[in-house]
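Chemist: The compositional bias 'Gly residues' annotation in TrEMBL covers B:647-674, B:865-875. Per TrEMBL, compositional bias 'Polar residues' is recorded for B:710-728. Marked as compositional bias 'Low complexity' by TrEMBL: B:737-747, B:837-864, B:876-890, B:897-914. Annotation source TrEMBL lists domain 'KOW' at B:163-191, B:315-342, B:368-396, B:491-516, B:583-610. The feature domain 'Spt5 C-terminal' is assigned by TrEMBL to B:688-889. The region 'Disordered' feature in TrEMBL is assigned to B:647-790, B:830-920.
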Amino acid sequence: MSNTPNFVAPGQQRWLRACMVCSVVMTRSRFLQEGCPNCDEFLHLRGSSESVDSCTSQVFEGLIALADPQKSWVARWQRLDGYVSGVYATKVSGTLPDEVRRDMEDENRIYIPRDGSQTEAD
Amino acid sequence: MVESARLLDDREHRELDRKREMEQSYDAEKLAETMRQRYGNRRIAKQFGDSVIVPKRLLMPSVEDPSIWGVRCKEGKEREVVFSIMKRIEERRGTKDQLGITAAFERGGLESAMKGYVYVEAYRSNDVMLALDGMLNVYPRSKMVLVEIKEMPSLLHITKTETLHPGAYVRIRRPAKHAGDLAQVLDVTENGLEARVRFVPRIDYTVAEKQADGKRKRPGTYRPPQRLFNEAEARKRGSRQITGNPQTNVWQYNGEEFENGFQVKEIKIQNLQIKDVTPGLDEVTLFVTEGEDGTENLDLKALAASLRSSKSNVTYMSGDVIEVYEGEQKGVVGKAVNVQGDIVTLRVIEGELRGQTIDVPNKGLRKRFKTGDHVKVIGGSRYRDEVGMVVKIVEDRVTFLTDQTNTEVTVFSKDLREADDIGGQGSLGQYSLLDLVQLDATTVGCIVKVDHESFVVLDQNGDVRQVMPSQITNVIPKRKTAVATDRNGSEVRLDDVVREVGGQHRQGKIIHIYRSYVYLRSNSSNENAGVFVTRTSNVATVAAKGGRINAAAGPDLNAMNPSLMRNPKANGSMPPPKVFGRDKTIGQTVTIRKGGYKGLLGIVKDATDTHCRVELHTKSKIVNVPKTDLTFKDKVTGRVIDINSRGGFGGGRGGGSAGFGGRSGHGGSGGSGWDGSRTPSLPGGLAGSRTPAWGPPKSSGAYTPAWNRNPDTSGSRTPAWNSGSRTVNPYDGNRTAYGGATSYGGSTAYGGTGGSRDPAWSMGSKTPAPDSHGVGSRTPAPGNYGGSDAWGSGSKTPAYGASAPTPGASDAWGYNAGISGTSDAYGAPTPGAGLSAPTPAALNAPTPGSYPTAPTPAAISAPTPGGGWAGGWGGADSAPTPAAGAPTPGATGGYYGAPTPAAYGAPETPAAGPRYDDDD
């Protein structure tokens, strides 16, 4: 693995997907190999093609290259502070499967929908 | 969606409560310990829980935070730039060149306002320059915009993508072949990222063949038209590619799937245009599914849903009553006092804030109506311009009762505004309400409703159908002069009020007349805008516009007045004798001067005092026309003739009758009748000069010239007349006549006869002309003539002397008669007349009286036949007949040969003239 893991060449960008929980954007194969860097604990994407399909979305908008999640206001606003540096999306369409959401709730995790449905509410 | 949002909301609250409980039960340290235990072993997401409860407004940027610069970049390359930046960040991380930027982002996209920019977050602009230096597709040197702090959140503002619901309409972006085509969502995948849609395919059935040929299809050049999938055609072209089930009408063809003719395809949401679809009605009708009962089933709900997401944003106008249904001011109701861009200034009219003026973004607003409000549909709804009264309001859906059709219509409140006008629109394009339009070659319809993009028309068969403007060929212009006849034969025109005779006895004003159909409009019905169609034969006039005389209402008094019918030249002092016998118009060639048949040529088949039944030449149809609306024409030349003036003179009549072999008797008699009555008066009342004229009258039978008018026209007559009247110089007169009668060698002979009978005779016998006349045979006729001369000369003793011959003549007549015994058919009357004075008298009903009175009349009557003859000669067919009877066929031939009419006019006149003259 190179030292620029988050770089995706233009030719590969068609395979990009965004995690519906944290909105991190990676290629499908990387999700499969490494899982979600932020949420794999409970999403268990690594190695599960099915989970990748259901918990990540290829419909997303607005890429964010996050260099310093701690200092960046963008990260804070997007509620990405605390996540790893990398590429994120401003909006991820799609809905997390119900059982995943239930699991998250059970674990006291807050699911922030990334599809724009909740930003205005709070 | 609302539901799930609510659930989430609940969940959050519960979560919050739980958290508070936790915080209460543990002290901070314990909490910290717990947190550490729980999250300590995790690399990340330490603040996971915290971030959730921090509301966004507490996250607003401050001066402490890094700034954001907008940097131009190449449009469409925003993502690549962001990845390049990411790459550079990672490459230089931990080196001395580590980038000073904290983040970079883009908000590109086809419709984004922020395309062509990437935004870089950094503390110093120099960091941005360094980060982007030498990078492809981004131009930090050209333009860099520092984003104000308060604008920063809006850079990252996202809106939820409209969720798709089955039945909604979308437009396809890709595949390019279908780009822009309307599609209907059948199903959406669970994660909401793909939709199964159906649309009208664009299939090129020949593609299979081409591929079979091994030729590669050149993409993009040709886009087949939209057509429903046709299994038969697909099979024809490439039966291998097609599989499927005819029962369910589901097919696979060339890797595509088709159901009921529609193509069904799973398309990613991003390849569908979900907003601003604004399906046109014509497009939507492609998706109209026919129900099992054959009724069209258009899913208006889906259509409405699609239209709802239309961008054509609500436009508020000052004065609108508006309710805030979303956001902080939720529930506030106010009246708009000002609208500027997206900001609406409201004066609150209800609740605690009453009287205050607040500014609200127009998002989250909706218009508020009350039940009973009179509203008009504006905007993109298919009910646009309908006007009606609000009857029900559910959230932002308003149901109202339309003024025009009295149907309930439900639209979104944003598409409504208070109406100050009534009715609604009456036109679409060049067509407007109540226009008569041509639908196809045989069908017309009256527009009874104008919809947003279509019309409802009532066709001539009474069927109501919906048509698009494109289905209308043209408007049939309203003809003010259009005329029809109703059931009673009365003339009906536009704007007349008529009533149906059968059926529902509906009454209405005529708005269109089309062939045998009338479109009526009544105010008593709302159905089809009060318009209904019926046949003209099924209506009766109730009131004619402008109080037009109804033909059925009574006879035309003018036409009934015989004095008006008579030749106006006739002396006022003359009593208007009653006209008996056959109507003189019968058999005439006429043109119609007025009414629906104006200009048509016909023959009078029958007549009453006022009306003629005219058989049209153009089509075999007999129509009833007032006599006053007829122009009588010469049968041959087509020149206008005056039938009435003729009628005034016996001669004329005689002539008239002369026209008809059989009638000559009539005519003669008629003439004599006239004469008879007049004759007495003539001597006294009329100038002497006339007398001769009268004499001629017989000749007038002779007057046939008058007749001649018919065949000939007055031209020839005039001289004839002249000659007659000019008796002064008989010879001249004769000659004149001759002149006129050129064609009548025979008549010449007559003339001769007139001059001196003998010569005439001799002439008669000798002259070929006579022969042609059959004069030779007529020798007797000459006798007659002599007689007639005698007649003509009736007054003149010598003539009387001549009258002796008269008998001879009469013999001759008799002869003729005898001869013509057969000829009776032709001129039965004539000979009869010729034979005996009384006979004619008998013939002339009126005459008799006069006849007996004076010998003259008798003479006249005698002549009448003579005249008849003369006329006959010239005119009376009867004459020829006997003549014909008289052996000379040549004569006959001659006669006939000479155009009979011409013969009439010319010969008679001269003949008549001469005789008299001679007598004179």
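Cβ from N, Cα, C; glycine included.
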Chemist: Kindly state the mean pLDDT of the domain 'KOW' (B:315-342) in the predicted structure.
Modeler: 80
Chemist: Per DSSP, how many helix, strand and coil residues does the domain 'KOW' (B:583-610) have?
Modeler: 0 helix, 11 strand, 17 coil
Chemist: Can you break down the domain 'KOW' (B:368-396) into helix, strand and coil residue counts using DSSP?
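Modeler: The counts are 0 helix, 12 strand, 17 coil.
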Chemist: Within the domain 'KOW' (B:491-516), how many residues are helix, strand or coil going by DSSP?
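Modeler: Across the domain 'KOW' (B:491-516), DSSP assigns the residues as follows: 0 helix, 15 strand, 11 coil.
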Chemist: When DSSP states are grouped into helix, strand and coil, how many residues of the domain 'KOW' (B:315-342) land in each?
Modeler: 0 helix, 12 strand, 16 coil
